[in-house]
Amino acid sequence: MDMRVPAQLLGLLLLWFPGARCNIQMTQSPSAMSASVGDRVTITCRARQGISNYLAWFQQKPGKVPKHLIYAASSLQSGVPSRFSGSGSGTEFTLTISSLQPEDFATYYCLQHNSYP
């Protein structure tokens, strides 16, 4: 059975941090996609300037609070399935789901969790 459901992704995320002297623009692509169970899915997040590895990924389902998947660009949060992985440093980052499961259909966000002067 082919389960094709659009996985909604955040297209543009502008973040402001208290005390930070600059704003770093984060852009995700694709902004939306269609995928099937078992597919390998990759989402890209780009920073306008280098942010080292200060990047986190979150998953959010309708009516639920965001779930923290990955921190420091590639470290898997406790309890998150190993099919999720993150990579990248500097300005380009990726979130990969190696084999999409029905429970993975959701919105995914990247978050730059530290700012630089």
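For all residues, glycine too, the Cβ spot is worked out from N, Cα and C.
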Subject >> Per Swiss-Prot, the disulfide partner of Cys45, chosen from Cys22, Cys110 >> reply: Cys110
Original post:
Taking DSSP states H, G and I as helix and E and B as strand, how many residues of the region 'Complementarity-determining-2' (72-78) are helix, strand and coil?
Top reply: 0 helix, 2 strand, 5 coil
Subject >> Residues that sit under 8 angstroms from Cys45 (disulfide bond) by C-beta distance, when 6+ apart in the chain >> reply: Met26, Thr27, Gln28, Leu55, Trp57, Gly88, Glu92, Phe93, Thr94, Leu95, Cys110
